[in-house]
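If you check TrEMBL, you get these features:
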- G166, R167, S168, I232: NADP(+) binding site (BINDING)
- 6-121: domain 'Tetrahydrofolate dehydrogenase/cyclohydrolase catalytic' (DOMAIN)
- 140-280: domain 'Tetrahydrofolate dehydrogenase/cyclohydrolase NAD(P)-binding' (DOMAIN)
Amino acid sequence: MSATIIDGKAAAAALRERIRLQTEGFVARAGRKPGLAVVLVGEDPASSVYVRSKGKATIAAGMASFEHKLPIDVSQDELIALVDSLNADEAVDGILVQLPLPKHIDEQAVTTRIDPDKDVDGFHPVNAGRLATGLNGFVPCTPYGCIMLLKEQLGDLTGLDAVVIGRSNIVGKPMAQLLLKESCTVTVAHSRTRDLASVVHRADIVVAAVGVPHMVKGEWIKPGATVIDVGINRTEDGLVGDVDFAGAASVAGAITPVPGGVGPMTIAVLLRNTLISAHRRAGVAYDKDAL
Ligand SMILES: Nc1nc2c(c(=O)[nH]1)N[C@@H](CN(C=O)c1ccc(C(=O)N[C@@H](CCC(=O)O)C(=O)O)cc1)CN2
C-alpha cells in the first residue's frame with residue numbers, strides 16, 4: 001500500500017472545533033444560539049444513528065438542537081405542516097429532514113417545502129440553482145466535505161482532471177459543480193458511461209458515489225491520483241465503500257477509507273451550514289476562511 005490515507009475523522013474534528021469557537025462568538029453577539037431542527041420519520045436503524053449523532057454534535061458545538069421524531073405512517077400533509085412550522089420558527093436557523101423517507105411520502109414535495117434560506121442540507125432547487133450560478137446559498141454537506149478533504153490534501157485544484165462517478169442530485173451533480181468552481185476539468189460518469197475504466201484512468205481526482213460495493217477497481221486508477229470514496233455500503237463483510245480500497249490504495253497517491261473518510265465530514269459541514277445560516281439571518285459577519 002503506497003497511498004496516503006486521508007483521515008476524515010481528524011479533518012471533521014478540526015472543523016467542528018473551529019465551528020465551536022465561532023459559535024461562541026455568535027452567541028456573544030446575537031444573544032442566542034444557532035438552532036438546527038432535524039426531522040426523522042420512522043425508526044430506520046442507520047437513520048436513527050445519524051440523527052442521534054447530529055443532535056450530539058449540534059449540542060457539542062454550542063448550538064440548540066430540536067429533534068422531531070414522527071411515526072413511520074405519518075402523512076405527507078402532517079410532515080409538511082411540521083416543515084411549515086419550522087420555517088416560521090425564529091429559533092430555527094437550519095432544517096433537515098433525514099432521508100430516505102418512507103415510500104408513501106414524496107421526498108421532493110418535502111425538501112422543496114423547506115425555506116431555501118434554512119435549507120442547510122442544500123437540497124432545495126433554489127440552492128442547487130445558486131450553486132450552479134455562483135450565488136451564495138447552501139451546498140450539500142457530503143460534496144462540500146469532499147472538496148474540503150481534496151483541498152487539504154492537494155491545495156489548489158486548478159486544471160486537474162476530475163471524474164465524478166454518479167449523477168444524483170444530492171452528491172454527484174453538486175460535486176461536479178463544486179469541482180468546476182475549483183477550476184477542475186470535470187467529467188460526470190454514470191451507469192450508461194461507456195468504458196468507465198478508461199474514463200477513470202484519465203483522472204487526477206476520482207469521486208465515487210454510486211452505491212455499489214467495490215465497483216471501482218484498483219487497476220482503473222491512474223498512479224498518484226486522489227480517490228474520494230463516498231459509498232457507504234452495508235455488506236456481510238461490514239461497511240465498505242464504492243472503491244476496491246486495497247487495490248486502489250496500492251496505486252493512488254491518496255485515498256479516503258470507509259469508514260472514517262467522507263462520512264464524518266457530512267455532519268461537520270451540516271454544523272458549518274447551520275452556523276452560516278444563523279449569521280446570515282442575524283445579519284452578523286463571520287470568518288469565512290475558518291469555515
Ligand atoms: N437529509 C439528509 N439525509 C441523508 C444525508 C444527508 O446529508 N442529509 N446523508 C446520508 C446519511 N448521513 C447523514 O445524514 C450520514 C452518513 C454517514 C455518516 C458517517 O459518519 N459515516 C461513518 C460510518 C457510520 C456508520 O457506521 O454507519 C463513516 O463513513 O465513517 C454520517 C452521516 C443519507 N441521508
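Using the three backbone atoms N, Cα and C, a Cβ is placed for every residue, glycine included.
The structure displayed is predicted, hence computed values, not measured ones.
Positions of TrEMBL features highlighted on the structure.
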| residue | record | Cβ within 10 Å |
| --- | --- | --- |
| G166 | NADP(+) binding site | 23 |
| R167 | NADP(+) binding site | 18 |
| S168 | NADP(+) binding site | 15 |
| I232 | NADP(+) binding site | 19 |
(Q) Please list the DSSP helix, strand and coil residue counts for the domain 'Tetrahydrofolate dehydrogenase/cyclohydrolase catalytic' (6-121). (A) 60 helix, 18 strand, 38 coil
Q: Using DSSP, tally how many residues of the domain 'Tetrahydrofolate dehydrogenase/cyclohydrolase NAD(P)-binding' (140-280) sit in helix, strand and coil.
A: 56 helix, 28 strand, 57 coil
Q) Taking the residues the record says bind NADP(+) (G166, R167, S168, I232), how far apart in Å are the two Cα atoms that sit farthest from each other? A) 16
